[in-house]
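Heads up, the thing below is written out as structure tokens.
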Amino acid sequence: MDGHIQRKTRDMLCFCLLLLLGEIYGGRTLSFSGLPDTANVTENSPAGTVVYTFSVDLTPNVSLASGYPKIINSNPLTQAFDINSRSTIMYQVVTTGNPVPDYEAMPHRFELQILAYDEAGANDLQILTIQVLDIPEPPMFLGNLKYQTVMIYQFEGSPSGNIYQISVSTPVKYSMTPASPLFSVSGTGTISSLKVFDYEKDPHSYMLNITATDHLGRNTSGTLIVTIINKNDEQPYFTMKQRAFSVLEESLPGTMVANVTAKDPDDGEGVSSLRFSINNPEGIPSFSIDAVTGVLLVARRIDRDLDPLREHPNITLIIRVDDRPSGGQYAETEIVVTIEDINDKPPECDKYNYRREIKETARPGEIILDLKDCCRDYDAELRNQLFNFTGLSGVGSSKFTQDPPGSGRIKLIGNMDLENATDGAEKEEYTLTTEVQNIAFPYYANIIYIYVKIQPVNEFKPVFSDASYAFNVSEIAAVYSRIGQVIATDKDVPPTGISYSISVGKGNPNFSEIFWIDPTGGYLTIIARLDYETWQSAILTVQASDNDGESVTVPVTVNVLEANDEPPICSPNSYLLNIPVDQTSGSVAGFHITCVDRDSSPRSFRYSFDSGNVNNHFAFSPNAGSNVSRLILASPFDFESGLDKIWNYRLKVFITDDNLLSVGDRATVRIETGTVTLTINVIPKPTTEAPTTPRVIILTSRENVYSALAWYVPFIISLGSVILLGLLAYLTFWLAKYIRAHCPPKPRAPKPRADKQPLMKPPEKKKAKKEVVWEMTNINPVFDGEAKDPVTGKWYEYNSKSGARRWKDSNMPSKLEAKDPTAEVMTTKRVQRDLSQQKTQPSGPKLGGQNKVAQKSTERKTETSDPNSKLKLQKPKEEPLGKGSLSPAPPQKSPVPSPKIYPKYENQSIPK
């Protein structure tokens, strides 16, 4: 370490010595000749004037570096000097003209630092002092007056006083040409104004020639131009003389009303900058003004007929003129615009369709309508409000007139009697037309329609075509059958319509429930069944009324014609008989029926069987011509030979009232039929001899007939059955749920699987503690992949199936070899010893991580497992005490791996 430091120190000393020698050697090879020195230059020397010449001494074969020598600095700073080359060793200091040397305006002494470098690296730096020499010259203005004409701007109205100060390099005397009473120049060069200028009255500019003369008589001149600036101090004024204008109402927007003119004294002859506006809000909606030209225009349509213009047609506008948008001078004036009325509205009426009714008895001269009271014109001025009416037109207008003409008062002049076909009304309604029209141009008009309806007057009563009416009707006529018509007429025009009604009836107090008359047609109709046996005729009073209360009555007689409409009614209507099988021919138990007919005699009955009389065993005697007939057995029963097979007979008997009619009349005359039902039971012969002692026989007839009125009985029974079934199902469901919850079934012992069978039985209680051998299977995980951690940059190994990972050890091989599972026998003491060692000592990396053993106490199995090492401890099967003790060192062999835990060895067999 010390030798290294000494070597570096020696190298630095050598390098510094070389630099020192180079500097010494270079200083000897480059130098200026003639510098440092002092030079003079006169003021006002033009550019390129040579101020000083010097040379450079160089080593042979060595030239100056490009751009050298040069002025690297000056005191004070200036760019008035530069270096020009005459040869490779001769150089001149010259003036640049930027700026020109000026004794009065710049420093009198400059120090220039001149530096030179050669190609070998030698250099030299010297100072050249330059003095600026003064030369006699005329006085000179300083400032802008030296180079140009000075423009001085002064506002009009400004007070008199100093306006400019002249600066000169030397003391001088000032004069002004030509002499002006408006301006003066003092001995110190102060130029002053002597009056207050007015732009509108005085000239707008003044030219002043100023001369400065020194004590030697030398002078210089300069020009000043004083410009008077216009100031907005004058108020604009209106130049128009007219202040009253008029415009027609309804003028189109943009119509010119007036041309407002004004002038601003401040503008002079230039372009006017005035701006016009309307200054009162009430005038803005209707009018507008061009801000530049001052033309007043209509902004929107103006209706003179609306308030307030209807009564006050004059609109006062305040016109304002400004000489600048804001903060300037302004003036205002009032103008009056009168809105003139035009005839722009036609006459208007309350309505244009009028309906009037007059009675047909109205007399000529009656006023029907006065249109003058219904129409009006809404124009503002009276000359535009006047209107009149044209003559009437339309069919039938000759019966009406205007009196006086054009007044709109319509009168009746004709006869309106509707029943008078000669000179009366031609029709019931007249349509008249007239026009209401302005008298002033452009003669606006509207058409008015007048509808005059003639109102009929009820002058006549209805009249029946006959003085009385008589109608015949059969008692069997159908209900709602028409039996006749009454007709009444009315001479009134137009027909008002006649309505019919039944007012009084004789012969039957309930005639309103039997007869009905059509109110409009007069048709008499029966609305109930007629019965000749009850009454044979009825007298009705029919009334005919018009719509105005006039009425008339007429008698109507209704005769009821007799007809066969009553069926025979027999007693009994139904009957049950029991007949012994050996009944002989003749009367059956003395049974007979009695029949009556309200419209037939007792001799008109005829008896016959419709159905049920099998083998014609039964008959009636007599079978016709009497209202009483007995049931007889015409032929005895014959069940033994098989002729008769029916023991119960249901006979349907017809009783008709056509016995007195011939066979031909029976087909055309109405016949009524009665019905009797008989039930006959044939009693078989008894097995014992029947007693011959007379006894009383009681016959009981029973018939069960279902009545539709009792529909609710089966409905309630069905509904109750459905409810009971639902309740029973609900109780059964809860009973099954209760039994399942409180009486669980006895669990079945599961059948042990081959891979789940315990390796040893649980130890019995109260037995001596024995040493237990643990069988531990250590599965080495295989790390089949490598990857780099993106955070730490370290490499780690991983198992692509299980996902286990570990950091890669640099001492281990990059690819791990798979190892088969190994098994070893461990005792309980050894396991406990290993566990205690793991707690006290950190374990190194072993096949993917630290193996941890955890003990789990169960009845049949005790296992310890680690997710990294796949280590399992299983408790072996314990043999009974009576069969010997467990060997502490069983034979070394691998257990059969479970396919569920080790699918890799599912199809492999372990040799024994």
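Cβ from N, Cα, C; glycine included.
Automatic, uncurated: that is what TrEMBL annotation is.
For reference, TrEMBL has these:
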| type | residues | note |
| --- | --- | --- |
| COMPBIAS | 752-767 | compositional bias 'Basic and acidic residues' |
| COMPBIAS | 834-843 | compositional bias 'Polar residues' |
| COMPBIAS | 888-900 | compositional bias 'Pro residues' |
| DOMAIN | 33-141 | domain 'Cadherin' |
| DOMAIN | 172-238 | domain 'Cadherin' |
| DOMAIN | 239-349 | domain 'Cadherin' |
| DOMAIN | 350-464 | domain 'Cadherin' |
| DOMAIN | 465-570 | domain 'Cadherin' |
| DOMAIN | 571-693 | domain 'Cadherin' |
| SIGNAL | 1-26 | signal peptide |
| TRANSMEM | 709-736 | transmembrane segment |
**Complete:** Long-range CB partners for the transmembrane segment (709-736) (under 8 A, at least six residues beyond its ends), listed in sequence order, are none
**Asked** DSSP says what for the domain 'Cadherin' (350-464): how many helix, strand, coil residues?
**Response** 9 helix, 47 strand, 59 coil
**Best-contacting stretch, by C-beta pairs under 8 Å, relative to the domain 'Cadherin' (172-238) and drawn from 33-141, 350-464, 465-570, 571-693** = 33-141
**Complete:** Across the domain 'Cadherin' (239-349), DSSP yields 6 helix, 44 strand, 61 coil
**Message:** Treating G and I as helix alongside H, and B as strand alongside E, what does DSSP give for the domain 'Cadherin' (465-570) in helix, strand and coil?
**Reply:** 3 helix, 51 strand, 52 coil
**Asked** When the pLDDT values for the domain 'Cadherin' (571-693) are averaged, what is the result?
**Response** 84
**Asked** What are the DSSP helix/strand/coil residue counts across the domain 'Cadherin' (172-238)?
**Response** 0 helix, 34 strand, 33 coil
